[in-house]
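Annotated features in TrEMBL:
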- B:Ala163, B:Pro164, B:Ser165, B:Arg166, B:Cys167, B:Gly168, B:Lys169, B:Thr170: ADP binding site (BINDING)
Protein chains: 2
Amino acid sequence: MTGSTASPRAATAARAAYFVSDSTGITAETLGNALLSNFPGFAFVKHTIPFVDTPEGAANVVRQIADDAAAGLDPIVFRTTKTQSVSSVLSTAPATTIDLLGGHLTELEEALGTTASEQLGQFHMLGDPTQYFARMRAVEYAIEHDDGQSSRALDIADVIIVAPSRCGKTPTTMYLALQYGLLVANYPLTDDDFPTDGLPRLVAPYASRCFGITTTPLRLSQVRHERRPDSRYASLAQCTIELRRAEDLYRRNRVPFLNSSTKSVEEMSAVILQTLRLRP
Amino acid sequence: MTGSTASPRAATAARAAYFVSDSTGITAETLGNALLSNFPGFAFVKHTIPFVDTPEGAANVVRQIADDAAAGLDPIVFRTTKTQSVSSVLSTAPATTIDLLGGHLTELEEALGTTASEQLGQFHMLGDPTQYFARMRAVEYAIEHDDGQSSRALDIADVIIVAPSRCGKTPTTMYLALQYGLLVANYPLTDDDFPTDGLPRLVAPYASRCFGITTTPLRLSQVRHERRPDSRYASLAQCTIELRRAEDLYRRNRVPFLNSSTKSVEEMSAVILQTLRLRP
């Protein structure tokens, strides 16, 4: 939020960081990591401790934190515990404790003019039981359609990711399926696809749902060397040609595309959702 | 955080909820949803708006929020914007704005005795470029080993999920691979596996890395009916027998197991990580 002054990078300080939850710990871990990433000058020794839902469980965590404190790791605790008795015990830990829910719940109570439910809940997106089957189906669809393996039911795909081999189609495909329940196919562009100007025959009818991926020739070559060392397939020359052809193909067919070499799977997914207007 | 008094469920009030980010919006969405889930008496119309990184972009969002306010949806805005100029514009919106990062960053600055980096960052777990290849490999491993398709390199699996068909092995497998970069195979238990008391031959050598899934006969029967309506495979009798045999098998072989009918994919994953001590 504040200054851009030189951070104390020179001496990397080690600190313990705890993500403590009475549920899965995923919210605590996600937001805690997001916050810690703003302090690159530190080496954080991280511990996620989920399902801390009794005072006894909390007392165990406090002991572990106290050990770290005694070892000079000056712990920071991120907690998302809603159970009052658990939170009370945790607050006795010799550490800076950051309550990721409590303050915001109070803000929300004021905004909504009511009190928060005391029920401990499964509140993650995947936790919604009505969406469970949609996600299961989406993951199965993604597996069936990975790397152009099947053309069955391609007409119902929400997204078809196209790219040369090893550009990173699969992780983004799977993330979109699992996180958003979308039906995502992915299709490899091979040398066979390039004599023509159009998209591969099987995906051409669904051009408006296609999204392309590109990367840098160097990165592609590195990834391909892992699979087939010293092959023509992995050579920098071949990678350069394939990527140039793929980008030409995307442009000619107005297929939006992204460079995966500088983007995380989440960023790619967020851009795809936005570009193809797939946000709920 | 507070009372368990009757919430105003009777009249479901519609409110707009915005998750606004200068990055992917995933943190805002995850934590915002977690917070909103504590207020079951409301119907929230949700909008995730990622990549808001200019004052002009923020002004567009403010206009959209103002429209909702004019329509009586009394918006609530969850923001994770770090860019000062963007945050300033957003704060002019006619809405309750909850800053999910700012206050905690200040708390952290105090605890760490330094100022937060101004850099906008990709801070999600999947965003770490050094982990990208591990995750890509993990997803590919999960696809290759889905539903017992391959016995190749089963010896390097971190987890082998075993269960009768349609108990929900695949989504949890994929979540563990994608989110944690673990090598996860899954293996179906079929009638062929039950004349004996031991685990299936292929996975038996790795019993300590096996994790079982069970569910309720009714739910399994419903899921199977979707695949093969009115088959013996989907009958309640067959599902009851298979689940009983599977649970017996888990117990006899000391394979820990969970009932997937009451757990989300994240909860299953968190329990598996903890039980098999796979947390980093």
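Cβ coordinates come from backbone N, Cα and C, glycine included.
Proximity to chain A (CB-CB distance below 8 Å) holds for none of the binding-site residues B:Ala163, B:Pro164, B:Ser165, B:Cys167, B:Lys169. The C-beta environment of B:Ala163 (ADP binding site), restricted to residues of the same chain at least 6 apart in sequence and closer than 8 Å, consists of B:Lys169, B:Asn186, B:Pro188, B:Leu189, B:Gly212, B:Ile213, B:Thr214, B:Ala246. Within 10 Å of its Cβ, the residue among the binding-site residues B:Arg166, B:Lys169 with the fewest other Cβ atoms is B:Arg166.
Taking the Cβ of B:Thr170 (ADP binding site) as reference, residues of its chain lying under 8 Å away and at least six apart in sequence are, in sequence order, B:Asp146, B:Asp147, B:Asn186. Shown in sequence order, B:Asn186, B:Pro188, B:Ile213, B:Thr215, B:Ser260 are the same-chain residues outside B:Ala163, B:Pro164, B:Ser165, B:Arg166, B:Cys167, B:Gly168, B:Lys169, B:Thr170 whose Cβ sits within 8 Å of the Cβ centre of the ADP site. Of all Cβ atoms in the shown protein chains, 16 besides its own fall within 10 Å of the Cβ of B:Ser165 (ADP binding site). For B:Cys167 (ADP binding site), the Cβ neighbour count at a 10 Å cut-off comes to 30, with all displayed protein chains included.
In the three-state DSSP scheme, B:Thr170 (ADP binding site) falls into the helix class. Within 10 Å of the C-beta atom of B:Gly168 (ADP binding site) sit 26 other C-beta atoms, taking all shown protein chains into account.
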